[in-house]
Amino acid sequence: MQHIQDNDKLYRYLFQHRAVRGEWVRLNETFSQTLNTHQYPKAVQHLLGEMLVATSLLTAIMKFEGNITVQIQGDGPLKLAVVNGNEKQQLRALARVQAEIDDQASLAEMVGNGVLVISIIPTEGERYQGVIQLDKPTIRECLEDYFIRSEQLQTHLIIRVGEYAGQAVAAGMLLQIMPDGTGTPEDFEHLMTLAETVKDEELFGLTAEALLYRLFHQEQVEVYPAQTTAFKCGCSRERSGQAMLLLPMAEIEEMLAEKKGVIDMQCECCGTQYFFDKPAIMLLKEEAAKLADLGLT
């Protein structure tokens, strides 16, 4: 039986005598809504689920206000896969597929020669971008390598994607040795061994409390209040209009003629459509010109 009270939730926790911290997340509606507006191949759906889980866990462990973008770029059938998340656990995802992809395709078969790009964009402070070659079989292993290289912290990820109670679900756990240097490799290995005994149905179906007890009942674990995850696209009519105004006016006029006087712009992420007729476009141009005169663009 699935305990829906912990669907679309993220929990952080601390092993009090081990100097290791952890996180657990389960994405139900958050994941389903990502897939609803696109007919992605199954292998791409699976990869996006993994990336959503990874981004959620990364955003929680960074503890800052802002955004994290996890992006895969390659020269294979999957040209691009990108997930964005913020400190409120608002997530969105997008993929661009340029050739047929088998349902069982591996990461390497989908991406070809590719890189994993992690962009950290705080509301205040400097941006950071890390680029890692996708030279390991899974996104999980690539991210663990990222933590070793960039943070010098032992990190272990468990990421599972599947179906439970008739619904798509993606879930995962993170263990990381504390950055204060008090943790030992032996403690970390011990907890990692326990975590690896988790079954898919436990990740997908148990409450966080039941899952942590099942895995770590001999440990003292302090669990922090849950965060709710959600699919949230950042698109708007204003942003769509601004994007359209980047086109030459002659091209906009041509589009208006082809579309019988109304241009529709569809968000690539969530599928929302925005419609603009010529009066609306001229109004947007006037507003943009006023802002430019005021030096606000």
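Cβ coordinates come from backbone N, Cα and C, glycine included.
As given in Swiss-Prot:
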DISULFID  CYS233-CYS235  disulfide bond
DISULFID  CYS267-CYS270  disulfide bond
Distance from CYS235 (disulfide bond) back to CYS267 (disulfide bond), taken between C-alpha atoms, in Å: 7
Other CB atoms, at most 10 A from the CB of CYS267 (disulfide bond): 18
